[in-house]
Structures are given as C-alpha cells and as structure tokens.
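Lifted from Swiss-Prot, the feature list:
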TRANSMEM  39-59  transmembrane segment
TRANSMEM  74-94  transmembrane segment
TRANSMEM  109-129  transmembrane segment
TRANSMEM  132-152  transmembrane segment
TRANSMEM  159-179  transmembrane segment
TRANSMEM  192-212  transmembrane segment
TRANSMEM  274-294  transmembrane segment
TRANSMEM  315-335  transmembrane segment
TRANSMEM  343-363  transmembrane segment
TRANSMEM  374-394  transmembrane segment
TRANSMEM  423-443  transmembrane segment
TRANSMEM  444-464  transmembrane segment
Amino acid sequence: MTLTIPNAPGSSGYLDMFPERRMSYFGNSYILGLTVTAGIGGLLFGYDTGVISGALLYIKDDFEVVKQSSFLQETIVSMALVGAMIGAAAGGWINDYYGRKKATLFADVVFAAGAIVMAAAPDPYVLISGRLLVGLGVGVASVTAPVYIAEASPSEVRGGLVSTNVLMITGGQFLSYLVNSAFTQVPGTWRWMLGVSGVPAVIQFILMLFMPESPRWLFMKNRKAEAIQVLARTYDISRLEDEIDHLSAAEEEEKQRKRTVGYLDVFRSKELRLAFLAGAGLQAFQQFTGINTVMYYSPTIVQMAGFHSNQLALFLSLIVAAMNAAGTVVGIYFIDHCGRKKLALSSLFGVIISLLILSVSFFKQSETSSDGGLYGWLAVLGLALYIVFFAPGMGPVPWTVNSEIYPQQYRGICGGMSATVNWISNLIVAQTFLTIAEAAGTGMTFLILAGIAVLAVIFVIVFVPETQGLTFSEVEQIWKERAYGNISGWGSSSDSNNMEGLLEQGSQS
C-alpha cells in the first residue's frame, strides 16, 4: 500500500476521507496517561524555575555572603541553567541511542540526587553543586518529554497534548509558590522548599517503569513487533493498519539517508538548516522576551516595586504563577484550533504592551521614590498582563513546534540542540537581569526586553511556518519546498529514492 502525503494517517485529507477515525483529547485514556506521566518532566522544570525565586529570599537571610553579592544570587539561580544546557545538549544523543523511556528514567535519578544535595547543603557552594545536578536532570527531561508525547500522539491532537507538557511546567511553577508559602514559617524554610522537588522525580520514575517506549523510535530501531503493540493501544484496527504502512514508508525514506547522524549534519542540509533556524529561534526568543526573568525573580521584582514583605511578595507571585498555569490551559485549546503561528504572534503583541507597562511603572517609581503606591501596583498589573499574554502563546508554541518540525532521524539531535539554545538564552537572562537592572535601572531593562519582543514578531512572520494539523511528512515537505522550491512529486513514498540526492544538494547550498 503506497501512501501519498495528502492521504497519510492523521493528515487533513485522510481525516476528511475517514472522519470517524478522528481522535479527541479525551478519546484515549492510555494516551492521556502517557502524556501526564511524561509531562511530570515539565513539572520538574517548572517547580525548579519557581521554587528558587522564593527560596532565594531565605537563602539570603541564612548566608550573609549571598545577601551581599548579586553575582552569587544570580549564580545560585543560573547554575541549574548551566546543568540544563549540558543536559539538553547530551539529551538528544541519549534519546536517539537509548530511547525516550530510558532518557526519562535517567533524568529522574539525576534530579532526585540534586534535590537531596540542595536540601542538605551546608554552604552556598554545595547548594550551587546541587543546582547543577538538578539542571542536568531538567535539561534531559526538557528534550525528552515533548518528543515522547509527540511521537505517541495522533497528529490531529498532537499540538494540544505536547502543550500539556507546558501546562505541567506552569503547574510546577504554581506548585512551587504554594510550597514556598507553606514553608515560610517552618525552620529550615529554603531547605524544605528545595528538597521537596525530589518527590515528583521519584513519582515519575515509578510511573515510567510501566510506560512503553515511543512507537516511532521502536519502529525505526527495527523493533516493529513492539512498536505495533504500542500503536494498538492508541488506534483501532482500521487506522492501525494505515499508521503501520505510513511508518514503513517513513522507514524506507530514512534508509536512504546516512545511518549515522552527527551534529554537523544538521548544518549540511539546507532544509534542516531552515528547520533548525525556526526551532532554535523560537526557543531563544521565548527566553529573551523575559519569561524566566519574571518566573525566577518575580518576588524580587515585586519587592523592587516597593512591596518589601517576603510573605506579600510570595503571595503576589503566587497569583502570577496561577495566571501562568491558567493561561497555558487556554493555549492548549487554541494551539490546535487557531494554529501555532497566529497564537505566537498574538502572544508577542500582548507581551510588548505588558513590558512597556512594566517599564513605565519602574521609570515612574524611580522618580517618586515611594514604596508601593500607584506605580507599585501598576508594576504588579504589568507582571500579571505579561503572564496573561505570554502563557497561551509563547509558552507552549516553541516546544510544540520543535517537537514536530524535524525529520525522524534528526529529531533527537535537533530537539536537543534547540533546547540547548533555550537553556543558553535562559542562562544569559538569569545571570544578567539583576546586574543590568542595577546598572541601567529596572525600567530600562524591561524596555530592552520589549524591543527584543518586537524582533521576535518579525522573526515569527518571516521564518516560522504554520504546522497545525500536519503530519510529520507534511511538515518535512514544507522545508523541502522552502529549500529547493515546489518540486513536483514530493510527498510520494515512490520518490524516497531521491532523498539522498537532495540532501547532497542541500549540503552544497
């Protein structure tokens, strides 16, 4: 059976022909369970992002050397990002060689070890080493979870299910603020805040023991019987046969490519360069528009706005985190109904407005030199609006797009590389925010972020295609057409023998 791309399982043409085979978000309990289990990796990511913002307030109280050094504060925050950067870079290879399941189990072990080290840290420097371990686990998980969910999901609901991972990230941030608030009056405040983070890692490790490997990874590793058993838990018999035929066609195409894939290969093919530019660019702009500045330092920002109480700062930050989680729920719906590109653009326009409000409020606050007051509350409003606009769009879109724009053979490596770009960008922002705010002023810092958001709008318009509802094969065709023009016949499995020639053509571009 030969499948052309318009009739591939899950494509719009296929689902128009067989509407009874269309699946819904809640149509398969197995897929939901897999999504939530894999998404705990996102919860670890989110919890670590949020918990350090509150813990830092109390770490400064326990260690005078930390209180006296903005650089040391930034290092405690950003060392997890250094670990995540390394973990994400290695995570692509771990995913492709050992599989998505083993990569997740490895991430859980490393994260739990880091949580124990942080909770027991006798000084800031041991604490920093624990942050590095936690970051390694988060980095591997950030690569693995979106790809694992995407490869197990029907294409018609893939965007929403991958976005569930982002919901878990924002849910983890909200949970961290709840935990922060719960331990404010408990001896050893920050140790409890940081130590509790190991619990979700242990839970995910146990649950993942009962989860299968990605069916697409199994199929490409020639473990077809196992892959079919996994697919049978998702699809009924009629669509199952079509999905198997589609994977067989994809496998034949993969055989025409080089069996050993290296990082430099990504830059030798024009179509892969274009895909990586779009994916990595989205990841970079997600960070440089300031989201983790807000999440890492929101209690500190609230205190900068004139609200000096630790408890009040944490409470207002808890509201911001709750809005972030709620906004992500909205994004899960819209990402498969409005599309990735429109959602990202509307999100960025709102982010620009919010950052301008934050900038104006801090400029005025510095002129009046009063605590709290009108401009303090205006800053809190700006934070809230920022989250309202960012969470549904630029929160889930970069991770969703990166889980679906790369060919199977390159998905692990490209996903790892783009996630590394995210973590490097995250590190730069986290390590410099307080320093820039001290040197240039908080108002100017947010104005710079607004300017970067304007550049992000231009980037999305020019470089990011719409991938809503497309199969992996259809997405690949977009990059081939952008790289080489609209070549007649692309998309038929009978043309797979031409792949090697085109990749060689791309390497000379």
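The backbone N, Cα and C atoms fix where each Cβ goes, glycine too.
No contact links the transmembrane segment (374-394) to the transmembrane segment (423-443), because fewer than 3 Cβ pairs that are 6 or more residues apart lie under 8 A. Contact between the transmembrane segment (444-464) and the transmembrane segment (109-129) is not supported: fewer than 3 Cβ pairs lie under 8 Å, counting only residues 6 or more apart in sequence. Simply put, out of 74-94, 109-129, 159-179, 192-212, 343-363, 74-94 has the most Cβ pairs sitting under 8 Å from the transmembrane segment (423-443). Recorded stretches compared: 39-59, 132-152, 192-212, 274-294, 343-363; the one with the most Cβ pairs under 8 Å to the transmembrane segment (159-179) is 39-59.
Long-range neighbours of the transmembrane segment (74-94) within the same chain, counting only residues 6 or more positions beyond its ends whose Cβ lies under 8 Å from a Cβ of the stretch, are 48, 52, 56, 59, 66, 102-103, 106-107, 110, 114, 124, 127-129, 131-144, 296-297, 412-417, 419-420, 422-424, 426-427, 430-435. Taking residue pairs at least 6 apart in sequence, the transmembrane segment (343-363) and the transmembrane segment (274-294) share three or more C-beta contacts under 8 angstroms.
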